[in-house]
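One structure is given here, and the rest of the page talks about it.
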Amino acid sequence: PELPAVYDGVKLAAVAAVLYVIVRCLNLKSPTAPPDLYFQDSGLSRFLLKSCPLLTKEYIPPLIWGKSGHIQTALYGKMGRVRSPHPYGQRKFITMSDGATSTFDLFEPLAEHCVGDDVTMVICPGIANHSEKQYIRTFVDYAQKNGYRCAVLNHLGALPNIELISPRMFTYGCTWEFGAMVNYIKKTYPQTQLVVVGFSLGGNIVCKYLGETQANQENVLCCVSVCPGYSALRAQETFMQWDQCRRFYNFLMADNMKKIILSHRQALFGDHVKKPQSLEDTDLSRLYTATSLTQIDDNVMRKFHGYNSLKEYDEEESCMRYLHRIYVPLMLVNAADDPLVHESLLTIPKSLSEKRENVMFVLPLHGGHLGFFEGSVLFPEPLTWMDKLVVEYANAICQWERNKSQCSDTEQVEAELE
């Protein structure tokens with residue numbers, strides 16, 4: 001007679017266990033809050049806080065799954081965005097000095113800009129990404145409708161329908177193709193001002209590009225880097241840990257990189273190819289067995305640019321050593337629950353923002369890696385918090401520069417009258 005009671009107890013315990021796992025995995029108890037902001041008190045930062053409501057408002061992800069950084073990241077990785085538009089652009093081709101053909105897509109604005117100026121967003125996507133990715137299409141469409149011309153780099157070797165014609169493809173920090181795109185925009189539209197935007201690996205590239213030389217910052221209004229990793233050397237160890245499933249993500253990303261490299265096997269490893277001296281046939285066999293990005297970087301990627309060691313490659317290709325050389329307004333954005341970027345790496349933007357008035361570091365609790373979905377309960381909205389924040393920040397900087405220019409003109413007129 002006591003057995004039914006025992007079974008009921010087991011059922012209740014099982015249900016309780018399942019609910020506990022769901023609550024823990026979906027992080028349902030985590031609060032929603034405005035992003036943590038790290039900056040120095042200045043006229044610029046006060047203007048940004050006043051002009052960018054998203055910096056001080058709660059970021060509210062979808063109720064059921066939005067507080068899980070893993071689900072946000074997985075949805076970005078598999079789905080990209082929901083109901084993604086298809087902006088129309090023109091593909092441009094640039095022949096690099098080593099014979100490589102770089103491509104980017106150019107999208108004209110669909111409305112007048114808020115300050116009436118000609119402003120171009122030069123955009124660098126994430127690892128192995130290009131202008132046809134859904135999250136890029138969604139962002140470009142939104143930027144166009146806010147009056148921005150957009151130029152989106154297609155990472156060398158990333159587009160499946162364009163073959164490599166030189167034994168080289170994109171790497172973690174090579175800025176050559178991005179620099180060529182920026183120079184094309186400057187020459188073609190000499191009156192335009194630039195807003196530099198990078199996502200993930202692209203965030204590393206754009207910061208490194210701006211910090212490489214002061215000339216790269218000419219005509220640049222500001223830079224926004226979303227979900228960068230800052231230091232490949234420091235990230236290397238954390239990416240091999242199982243904490244937050246980083247090792248699993250590492251394996252998936254390495255597998256995708258292998259497929260891309262092997263799709264260009266003939267261009268990179270063919271007998272007719274003049275390969276870098278350090279790149280050997282045995283590296284191809286090591287590529288087949290690689291299970292991490294570190295192994296791929298060590299056996300293949302670093303050799304495209306002649307680095308003598310993986311350590312040298314990681315140090316030289318990372319933006320960390322270039323960040324302090326950026327003088328234009330710089331917004332760095334990471335999510336606290338990003339499973340790819342370890343929390344120890346976030347000390348880099350925090351420390352930088354404490355020393356530099358031009359830097360603001362934005363750290364929301366949720367968002368995962370390039371997720372930042374918004375929505376009510378279950379279904380996400382087409383536009384993400386990230387899309388809105390980047391455009392809102394760019395609009396504010398444009399207005400800030402316009403106000404500075406007007407004040408300067410007024411002072412000049414008063415001086416002449418005196």
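Cβ coordinates are placed from backbone N, Cα and C, and glycine is handled just like the others.
Per TrEMBL, the features are as follows:
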type: DOMAIN; residues: 120-375; note: domain 'AB hydrolase-1'
type: ACT_SITE; residues: Ser200; note: active site, charge relay system
type: ACT_SITE; residues: Asp338; note: active site, charge relay system
type: ACT_SITE; residues: His369; note: active site, charge relay system
**Request:** Report, as a single number, how many Cβ atoms besides its own are within 10 Å of the Cβ of His369 (active site, charge relay system).
**Result:** 26
**Prompt:** If one looks at the chain holding Ser200 (active site, charge relay system), which residues at least 6 apart in sequence have a CB under 8 angstroms from its CB?
**Reply:** Pro125, Gly126, Ile127, Val226, Cys227, Pro228, Gly229, His369, Leu370
**Prompt:** What are the non-local neighbours of Asp338 (active site, charge relay system), defined as same-chain residues 6+ apart in sequence with CB under 8 A from its CB?
**Reply:** Gly69, Thr73, Cys227, Gly367, Gly368, His369
